[in-house]
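Copied from TrEMBL, the annotated features are:
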- 64-83: transmembrane segment (TRANSMEM)
- D241: Mn(2+) binding site (BINDING)
- E276: site 'Interaction with galactose moiety of substrate glycoprotein' (SITE)
- E340: active site, proton donor/acceptor (ACT_SITE)
Amino acid sequence: MASIRRTLSPLYQDRSYHIGVASAQAHKLFSTNNNSGKYSSLTSTSAVSAAFVYIRRKGFRRSFYRCMIFFILGLLLGVFPSGHVDNEINKHDFSFEMKPPHVNVQLDTKGNFALSAVSLGVEKTTPQLDRLSRFDYVERKQVIVITPTYNRALQAYFLNRLGQVLRLVQPPLLWIVVEMTSASAETAEILRKTGVMYRHLVCVNKNNTNVKDRGVHQRNAGLEHIERHRLDGIVYFADDDNVYSLELFESLRNISRFGTWPVAMLAQSKNKAILEGPVCNASQVIGWHTNEKSKKLRRFHVDMSGFAFNSTILWDPKRWKRPFSNPIRQLDTVKEGFQETTFIEQVVEDESQMESVPPSCSRILNWHLHLDAHGLVYPRGWLLQKNLEVVQLIR
């Protein structure tokens, strides 16, 4: 019987070489060393299967390395983009509102309808105006109001009236209320209900019997609090029994160092009104209004509620080039009516360092009225235990 031998095609002549190499490598990997030192032989079937396993493992590693290379390349391209990106075009530049399209219908010469223009409901908006409308924050100077108070019949009326005015002032505003000896629960309750940011302080003085003017020590307690905590803002002394306009507190923010203005006052006799404060030419102070002969010896003729100053003068003397670094305080040892001028002399040197509020001192912004009632009993908790007594006139 004749045997037929089939020759390999030229395309497959190198197949035995690859399989042989793979079989040899697989044989080398899977052969074990026995006690006699001889190598165990593998059958042809097991050698072929081992070769495919090796090729599969080698291909998996090659694919894994390729994937890692492309991943790192894509990451670098994403972090460092090579193209130009227009940041001005974003989602805020367009407003997609559902609006009916504008259709302009006209009749042509033949009497047929013709559409001349159709506009879609997509409009381009200006991002600058939209961003400004969303953020209407305006930076303002803080106003620090120091108010000395004490227990009396009309205290609740005065504090509530002043608190309602301060409530209307644009923030930031800090109301420092100072009492003598101890803080009363009635005053604390009034301050909580005003809705104004406040600090309730107590002026502790060892020699309360020798106090000439309690307001001087109470204001000094507020000044000490500002200096200790380095509060930044415009300091203003506002007694609770005065009348203030809302425009006054808004004008205080325009002061850079020291500002002053005229105050309308009711004379002690309460039969006439007088004006006390600066005479201004534009923003400069050129003179003073005064009506009392006993106070003509004062350097600066101004009421306690007729000036305000920058709080940094208290705790930053280098900024204002002060010749001395002593604490700025009101003096209780001077004659009554001279507390204002002795205090201002510590803050400024002359009228050239003052500013008029408002310009040219053209308006009266607050009034000092002596309306405190004497002889009335201070009700505890502002509650009357009994009904008001009825006074009957005897005919």
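Placed from the backbone N, Cα and C atoms, the Cβ positions cover glycine too.
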Find, among the recorded positions listed as D241, E276, E340, the one whose Cβ has the highest number of other Cβ atoms within 10 Å in the structure shown.
-> E340
Given E276 (site 'Interaction with galactose moiety of substrate glycoprotein') and E340 (active site, proton donor/acceptor), what distance in Å do their CA atoms have, once rounded to a whole number?
-> 12
Cα-Cα distance linking D241 (Mn(2+) binding site) and E340 (active site, proton donor/acceptor), given in Å to the nearest integer | 18
